């Protein structure tokens, strides 16, 4: 039957063909599978032991951080930009940011650069001041003006 089959394979030193039966073929398959599993296990163990070498941010020793959905990560801070139809006055914007466990973003150079990258077509509330359209400037505004806003955390 099936186990009685013989296969021609491997050549001996005298260049004569050897005949392999099913059991020797299966043994060779088991050996190859064992070698593959063994090398995978060694690789996994090595990676587990030396994992710290793989997770590094080399620029300024930054640490990895994650932001919630709809937030933008920049310089280890998460920012929420309100969209075009979602403008509020200063007090309402500040309260909304608190509901998101954040505050109105502080006005600094990093945020100014981010607004130029992210969206330079609007004015945003940030910490009781406003980032002007497309300019590298801040301007004081009255608190009741409805504008877009940026939360940070």
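Heads up, the Cβ atoms here are built off N, Cα and C, so glycines get one too.
Just so it is clear, the model here is predicted, and its values are computed rather than measured.
Pulled from Swiss-Prot, these are the features on record:
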DISULFID  67-78  disulfide bond
DISULFID  97-151  disulfide bond
CARBOHYD  83  N-linked glycosylation site
CARBOHYD  89  N-linked glycosylation site
CARBOHYD  101  N-linked glycosylation site
CARBOHYD  107  N-linked glycosylation site
CARBOHYD  113  N-linked glycosylation site
CARBOHYD  120  N-linked glycosylation site
CARBOHYD  127  N-linked glycosylation site
CARBOHYD  143  N-linked glycosylation site
TOPO_DOM  1-30  topological domain 'Cytoplasmic'
TOPO_DOM  52-153  topological domain 'Extracellular'
TRANSMEM  31-51  transmembrane segment
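This view paints the features noted in Swiss-Prot onto the structure.
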| residue | record | contacts (Cβ under 8 Å, 6+ apart) |
| --- | --- | --- |
| 67 | disulfide bond | 73, 78 |
| 83 | N-linked glycosylation site | 148 |
| 97 | disulfide bond | 80, 103, 104, 149, 151, 152 |
| 101 | N-linked glycosylation site | 153 |
Other C-beta atoms within 10 angstroms of the C-beta of residue 151 (disulfide bond) total 24
For the topological domain 'Cytoplasmic' (1-30), the averaged pLDDT of the predicted model is 62
